[in-house]
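Taken from TrEMBL as is:
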DOMAIN    22-92  domain 'NXPE C-terminal'
DOMAIN    253-733  domain 'Cas1p 10 TM acyl transferase'
TRANSMEM  269-288  transmembrane segment
TRANSMEM  354-374  transmembrane segment
TRANSMEM  395-416  transmembrane segment
TRANSMEM  422-439  transmembrane segment
TRANSMEM  451-467  transmembrane segment
TRANSMEM  473-493  transmembrane segment
TRANSMEM  505-525  transmembrane segment
TRANSMEM  560-578  transmembrane segment
TRANSMEM  599-616  transmembrane segment
TRANSMEM  658-678  transmembrane segment
TRANSMEM  684-708  transmembrane segment
TRANSMEM  729-749  transmembrane segment
Amino acid sequence: FKGGDTCEYLLSSGRFLGEKVWQPHSCMMHKYKTSEAKNCLIDKHVVFLGDSRIRQLFYSFIKLINPQIREEGNKHGNIPFEDKSASIKVDFLWYPEVNGSMRQRIKSWTESSVAKPHIIVAGAATWSIKIHNGSNEALTQYKINITSIAPLLEKLAKSSDVYWVLQDPVYEDILSESRKMITNEKIDAYNEAAVRILNSSSRNSKAKVKVFSVSKLIAQETIMKSADGLHLPESSRDTNAMILMNVYCNKIMKPIDGSCCQPQPPLTLIQKLAFCFFTLSIIGYLIINVIHRNNFRKNKCTDLESGEEKKPDISTPNVSTLEMLLHSFCKLGLIMTYFYLCDRANLFMKENKFYTHSSFFIPIIYILVLGVFYTETTKETKVLNREQTDEWKGWMQLVILIYHISGASTFLPVYMHIRVLVAAYLFQTGYGHFSYFWIKGDFGVYRVCQVLFRLNFLVVVLCIVMDRPYQFYYFVPLVTVWFMIIYATLAIWPQIVQKKANGNCLWHFGLLLKLICLLTCIYFLSYSQGSFEKIFTFWPLSKCFELNGNVYEWWFRWKLDRYVVFHGMLFAFIYLALQKRQMISEGKGDPLFSSRVSNVLLFISIISFLTYSIWASSCKNKTECNELHPSVSVVQILAFILIRNIPGYARSVYSSFFAWFGKISLELFICQYHIWLAADTKGILVLIPGYPMFNVLVSTFIFVCVAHEISQITNDLAQIVVPKDNSTLLKRLLCLAGFFSGLLLFSAVQDQSRH
């Protein structure tokens, strides 16, 4: 379903999400702040022309520029407004009827010597119905008058934005006696006449007066709350004003979460080169495939002529490195085309998120039931074994996905618990990488390159195809930097590993000293924003970690979970030390400690887990809670680990459903940005409009399949791009260095052309 003209949809159609949130058909509406409204309307002149309903719209509009304004002044007269700081002028001109006076005013703007308003919002009809007691003669005269005005409006529309506001319905039951003749039937007749005349006039002109008919739809839902049956309640007027702001400002300000009225961004030089690369990969793969098919047919014909029938050897398919490489890039090219079409081209629709408790908690309950249903026995019963960590990543990722699509970040208790899940991912990063280096003692380049490639491959491709900075996908830079910190901490002399420490217990103290130094550095950087910024604003690091021209976002993300990786490393060290000294029991069905110790620890863990949840649920201020979060998030993480691992029966089972998702959790987290959510996570992708549940099912199915396919592509390419042979690996690293140098060069050219 094509998105079509989103401006036309914004002005003409939509529905309410809840009571006050308006959702335009097919696109997303940005909520403009005062500063944004001023930046958009700087040096602009806006005119509202009409009756008391237009006056209401005028006041709602100027409140977006100055929220302190009050509805004062002559109700049946002109009302000026000016914001001198931004040189914005907004006027309301009292013309309650479409007549000669209104025509004369509009005609005066069409004269070349007069400065024309940049935006004109006009509309009137209810006074004509009231004054002439709803007579047919008044309607006939209205048609004549608007016919004479239409060409003038079209002429103005060539240089200004002109909107004709259709009349809202009334709530006839509570209208005063003096307004009883204003019926919805009469209003519909006037609206029909205005639309027919304005549309017929626009057919003969390239310019077009935009008919603002969405106000009528909004009024149909809210007019019952009107104080007098004629004028809209304040919330509805504010929605209309916000729609006007989106229609005019979105193409100027280009907000990420305002897809209405935004043109498709032009392809950058890097995107064009990426398109050429993927096209050549697809062509190359098809050529190789055709050659292989022809060779297979020739061999088959030769076998038939000789009278022998040979069974094909399918045990070890002979696939060349080049063919595998082209095959992977061929699939990736098709997938990236889908990414681009979903979130850069105006092909598919997008909608705003809207949070309700049911939209978050019902899917959570559903996936938990599914997860419990797919319970299997683990291959090993160690603490945080592979199946268990995959399961942990899986259910956390599913919860985070539901959190994002439901817009639950507006509900603070849910937000705080999701922050713990993100921290738990980083805890696993500290635990997993520390355990590997401590046990294996492998600090080789191959291991580092494998991890960095698997973490960053998809994000680098998306940065190129979707024209987004690396820091935009904040979680990948976060785990990448923490991996390098863990590596540096353990690899720097003296290299202390388990084998060396077993020979002399003093090495344990040496490792603890290293960890204390790491904690000191973390503490210093978290309270020294200047030092942190000096490190990451150094070129070329700045190209990776800047967002909107600074590294504040990166500092905020890093600071929010600054201690949890250290906690993961420390937990791994303590656990492995206890395991080595056989102080814990990890047999199948056995509790982790003695019965008494296990029961005490289990009780403490449950209390700690619930205490954190109560604290998080009682949070009143996000900023204050974020300040405490880095220090206390580990409480719930450790409590969960102990609850999950102390009982032997709990350690012996896992959910294969969650574990499957856990294996592709990184791809799911990144892919959601563009092919499940939309507008860079700010909205929801709409593949099937009009059927929200069916749309979510279809888009989710495609999204999960794509994430799984990208995971396989990444694994295949990792084997090719990062070989075990050191000399070959060195050559590949030099090629990658050349690739990123070229990318930086092209990026600099792009930035210069944009400025």
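Cβ atoms here come from the backbone N, Cα and C positions, even for glycine.
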So which residues does the transmembrane segment (395-416) touch in its own chain, when a touch means Cβ under 8 Å and the partner is 6 or more beyond its ends?
353-357, 359-360, 363-364, 367-368, 371, 422, 424-425, 616-620, 622, 625, 629, 655, 658, 661-662, 665, 668-669, 672, 676-677, 681, 684, 696
Tell me, roughly as an integer, the mean pLDDT over the domain 'Cas1p 10 TM acyl transferase' (253-733).
92
Counting Cβ pairs under 8 Å to the transmembrane segment (658-678), which of 451-467, 473-493, 560-578, 599-616, 729-749 comes out on top?
451-467
Would you say the transmembrane segment (269-288) and the transmembrane segment (451-467) are touching, if the rule is that at least three C-beta pairs must lie under 8 angstroms and be 6 or more residues apart?
yes
Which residue counts does DSSP yield for the domain 'NXPE C-terminal' (22-92) in the helix, strand and coil classes, in that order?
22 helix, 19 strand, 30 coil
Stretch in 269-288, 422-439, 560-578 most in contact with the transmembrane segment (505-525), if contact is a CB pair under 8 A:
560-578
Among the ranges 269-288, 354-374, 422-439, 560-578, the one whose Cβ pairs under 8 Å to the transmembrane segment (729-749) are most numerous:
269-288
